[in-house]
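Features reported for this protein in Swiss-Prot:
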TRANSMEM  19-39  transmembrane segment
TRANSMEM  57-77  transmembrane segment
TRANSMEM  88-108  transmembrane segment
TRANSMEM  112-132  transmembrane segment
TRANSMEM  133-153  transmembrane segment
TRANSMEM  162-182  transmembrane segment
Amino acid sequence: MFSIRKIITISDYVTMLNIITGLLAILLNSFSLIYLSIIFDSLDGYVARKTGTVSDFGAELDSISDVVSFGVAPAYLLYNNFESNLALISAIIFCLCGALRLARFGILNVKGFIGLPIPAGALLLVGFCQLINSYLINSILAILIGLLMISDIKYPKYPNKIFIYIFAVSLCLAIVGIPHFALMLCLIYAIYGIIKYIRGD
């Protein structure tokens with residue numbers, strides 16, 4: 001018998017915190033909880049590697065949690081805060097692109113990322129939604145971000161450590177209502193991949 005109780009690990013509990021914060025972001029209409037989900041998403045892999053608990057089960061759970069926290073939740077926040085037919089359509093497109101991106105990631109064994117990672121896509125969307133009070137602009141951005149996620153653009157998996165530390169601080173600021181720095185760093189990351197792709201690197 002397949003017993004979840006016997007195979008679940010400490011890193012899986014961290015992943016479940018990602019799911020919980022993603023769900024709460026929807027229920028409470030909270031942008032800040034998306035940033036907290038990103039922190040948990042970063043920590044679960046780190047904990048799994050440090051504790052030697054990397055598993056197929058954990059990978060599947062992580063993928064499901066990402067759909068909730070970085071696909072469904074940002075899409076809901078877009079529509080709920082900018083109610084319009086265009087926001088509805090773009091929210092659906094964003095969520096579908098995120099799911100497709102995760103499905104592709106699950107079957108590829110490559111160094112780095114193909115397409116913008118969905119946590120980065122979620123950060124971009126919620127950051128723009130917080131700072132730009134326009135359903136039209138945010139709806140268009142949601143579609144563009146979705147297309148970036150399913151593109152063939154390559155992105156580095158682990159930027160240098162200094163970037164990671166700065167990004168961690170920026171996420172903490174975003175959680176307390178200052179998303180500007182996290183959005184700027186993520187935008188640089190997204191543009192970096194586009195420039196390298198155009199140059200053929």
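Every residue gets a Cβ built from N, Cα and C, even glycine.
For the transmembrane segment (57-77), same-chain residues at least 6 beyond its ends with a Cβ under 8 Å from one of its own Cβ atoms are 7-9, 11-12, 15-16, 18-19, 21-23, 25-26, 29, 31, 33-34, 37-38, 41, 44-45, 48, 91-92, 94-95, 98-99, 102, 105-106, 118-119, 121-122, 125-126, 129, 142. Remote same-chain residues near the transmembrane segment (162-182) are listed as 31-32, 35-36, 38-39, 123, 126-127, 130-131 (criterion: CB distance under 8 Å, separation of at least six residues from the stretch ends). Long-range neighbours of the transmembrane segment (112-132) within the same chain, counting only residues 6 or more positions beyond its ends whose Cβ lies under 8 Å from a Cβ of the stretch, are 31, 34-35, 37-38, 41-42, 66, 69-71, 73-74, 77-78, 81-82, 94, 97-98, 101-102, 104-105, 138, 141-142, 145-146, 148-157, 174, 179-180, 182-183, 186-187, 189-190, 193.
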